[in-house]
Amino acid sequence: MAEMVARLASERAVVVFTKSGCCMCTAVTTLLGELAVSAAVHELDRDPLGKEMEKELARRLYGSSGRGGPAVPAVFIGGSLVGGTSKVMAMHLKGELVPLLKSAGALWL
């Protein structure tokens, strides 16, 4: 499953793993859309392997136990895991998100 998540996370400059109906997922994808980022979005609750991918994302976010909070949204930029809602929003407020998106080729401005 780790290889599958890594492959999916590298398919575009920005990849977001979400669940439909998750308001924090919507907040992150809306922010990226407003920044004109064309992210690949994978809704885990609509994927037959979604539960296994969610466990892998939790492990990546919170360590080997996979415990510590929600696994979605999980945002990858340039193939690297950035984090969830709080990390992405904090980066945006500090002015760090746009430069990272530019360096990954997700923004051209």
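Cβ atoms are placed via backbone N, Cα and C, with glycine included.
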Disulphide pairing with C25 per Swiss-Prot - partner from C22, C23: C22
Per Swiss-Prot record, range annotated motif 'Responsive for interaction with TGA factors' [choices 2-5, 14-17, 106-109]: 106-109
C25 (disulfide bond): tally of other CB atoms within 10 A of its CB: 24
Other C-beta atoms that fall within 10 angstroms of the C-beta of C22 (disulfide bond): 18
